[in-house]
Amino acid sequence: MTRECASPAPGAGAPLSGSVLAEAAVVFAMVLSIHAAVWDRYSWCAVALAVQAFYVQYKWDRLLQQGSAVFQFRMSANSGLLPASMVMPLLGLVMKERCQAAENPYFERFGVVVAATGMAVALFSSVLALGITRPVPTNTCVISGLAGGVIIYIMKHSLSVGEVIEVLEVLLIFVYLNMILLCLLPRCFTPGEALLVLGGISFVLNQLIKRSLTVVESQGDPVDFFLLVVVVGMVLMGIFFSALFVFMDSATWASSIFFHLMTCVLGLGVVLPWLHRLIRRNPLLWLLQFLFQTDTRIYLLAYWSLLATLACLVVLYQNAKRSSESKKHQAPTVARKYFHFIVVATYVPGIIFDRPLLYVAAAVCLAVFIFLEYVRYFRIKPLGHTLRSLLSLFLDERDSGPLILTHIYLLLGMSLPIWLVPRPCTQKGSLGGARALVPYAGVLAVGVGDTVASIFGSTIGEIRWPGTKKTFEGTMTSIFAQIISVALILIFDSGVDLNYSYAWILGSISTVSLLEAYTTQIDNLLLPLYLLILLMA
């Protein structure tokens, strides 16, 4: 569905510029919408950041086309700096507004820190691009310098000393993760995707370190600590094994046994004690008690187990079909979207009946997905080669690097709307109206919208959006399907009350659908985040 990158050309007028301009127009529309809804000094900073990111994005695109970027990025897309740069700042802004309405000053300041951190890592990516561009782009440097100066001045007078230190800590972690992971994982990310993914991981790692150092008896929710430890633990495990297998062959039985033993050592000797320190109880006993606390949770777990079995059967069936049809090397679009339907069937009951269980189950599933990807990537026996064969059928142009990330992005896109909204800020009616659909942002944008757009666009679509392979018919059916889904949510979820905010919902869905039509970034990750931001605003 994404368009191939143009051949290297030194000029700014690249063939991708038409779709990039359209994508930028959609992003600016969302930024201005949030600015109009928030209208404070931080939202003005977001507008300034968007302007400078728009100009710097062209420098990144030119670096990618010339092969002059510092790292090896994914080449089947543009840099994506503008849409990625705005996610964390806009998320922080709407989080601040919602927590201010809920009269929760702690999370209100947390939202400001999220926004400031997002702006800091985005400015770093811009400075990196300008620093390696030759000749030095004077005009873009001036624009970026002015925007950065305004942002730094306002943040300097808005953040406390502790908050400034926290932002700088995240920025430092982000710089080191960029150097480590982008060297270890060539062609897995565009600059924008690296900014978004590594920026998020850096923020999570800093939060875990901060809470570990200031932990107090009964402070915080165990499910929040569980997510933080799972994400950081899996990332650190990947870095450890990547460094280790530089010096030994990972495909041998000896290395495979060592991998499994070290996984147990890291899990039992590092992750579990770390989690025990945070939640002040046995993590395994807490998890078992949490999962089987009510009959509803038992029924949901049994239902999800059936769906997981169905997903495995789909993989096996498609591979058996490939074996009988030797000319067919890739699964068709409809076959790949089976998993989107399965994920929708997984998440909707969880959102309706037990969101805390879905929160924890999604974190467990993320850990399992990442662990299996390590097994596949390092060719760990006995499943490594089998997973390589089974999953190769579902590759697309976005899986051009050594890792297969699309299924992990799908899980993240569905889960982030559940994970990111601070639960203390959902009290006092602060999630009424369109905000009541925030937990469903992943279901609507990816599970329904992207799936329907892909299926109908590839089967009946004829009128293409200028500069892309996406079709007008796919986008229109996507919007219609999401509207129908909202109506079904109103019927089956009694906790959703839209309070006549239908125009904002329709505008949000339409805007995100247009972004899906023009973006060349990972839509499974980008679309739910923007729909989440618009619905929260």
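Cβ atoms are placed via backbone N, Cα and C, with glycine included.
What TrEMBL lists as transmembrane segment is 12-35 (among others).
The feature transmembrane segment is assigned by TrEMBL to 110-129 (among others).
Sequence-distant contacts of the transmembrane segment (136-155) (same chain, at least 6 residues past either end, Cβ-Cβ under 8 Å): 41-42, 44-45, 48-49, 51-52, 55-56, 58-59, 116, 119, 123, 126-127, 130, 164, 167. If you look up TrEMBL, you'll see 136-155 (among others) marked as transmembrane segment.
Counting residues 6+ beyond its ends, the transmembrane segment (167-185) has Cβ neighbours under 8 Å at 70-72, 113, 116-117, 120-121, 124, 155, 159, 194, 198-199, 201-203, 205-206, 239, 242, 401-403 in the same chain. Annotation comment: TrEMBL describes 167-185 (among others) as transmembrane segment.
Outside the transmembrane segment (225-245), and at least 6 residues removed from its termini, the chain residues within Cβ reach (under 8 Å) are 180-181, 184, 201, 204-205, 207-208, 211, 255, 259, 262-263, 266-267, 270-271, 274-275, 278-279, 283, 287, 359-360, 363-364, 366-367, 370-371, 374, 378, 419. If you look up TrEMBL, you'll see 225-245 (among others) marked as transmembrane segment.
Remote same-chain residues near the transmembrane segment (257-276) are listed as 212, 225-226, 229-230, 233, 236-237, 240-241, 244, 250, 282-284, 371, 378, 380 (criterion: CB distance under 8 Å, separation of at least six residues from the stretch ends). As annotated by TrEMBL, transmembrane segment applies to 257-276 (among others).
Look at TrEMBL and you will find 296-317 (among others) tagged as transmembrane segment.
Positions annotated as transmembrane segment by TrEMBL: 338-353 (among others). Residues 296, 300, 303-304, 307, 310-311, 314, 361, 407, 410-411, 414, 418, 439-440, 442-443, 446-448, 450-451, 492-493, 495 of the same chain, all 6+ positions outside the transmembrane segment (338-353), place their C-beta atoms under 8 angstroms from a C-beta of that stretch.
Sequence annotations record features per position, and here TrEMBL assigns transmembrane segment to 359-379 (among others).
Summarising the annotation, TrEMBL assigns transmembrane segment to 400-420 (among others). Same-chain residues lying 6+ beyond the ends of the transmembrane segment (400-420) with a Cβ under 8 Å from its Cβ atoms: 74-76, 91, 95, 185-189, 227, 339-340, 343, 347, 351, 355, 358-359, 362-363, 365-366, 369-370, 373, 376-377, 391, 394, 438-443, 445-447, 522, 524-525, 527-529, 532.
Beyond the ends of the transmembrane segment (440-460), by six or more residues, the same chain brings 1, 333-334, 337, 340-341, 343-344, 347-348, 351, 410, 413-418, 470-471, 473-475, 477-479, 481-482, 485-486, 489, 509, 512-513, 516-517, 523-524, 527-532, 535 to within a C-beta distance below 8 angstroms of the stretch. Annotated transmembrane segment per TrEMBL: 440-460 (among others), in sequence order.
Look at TrEMBL and you will find 472-492 (among others) tagged as transmembrane segment.
Residues 42, 45-46, 49, 52-53, 56, 59-60, 63, 70, 81, 84-99, 144, 148, 151, 155, 158-159, 163, 166-168, 170-171, 174-175, 191, 195, 199, 202-203, 422 of the same chain lie 6 or more positions beyond the ends of the transmembrane segment (110-129) yet place their CB under 8 Å from a CB of it.
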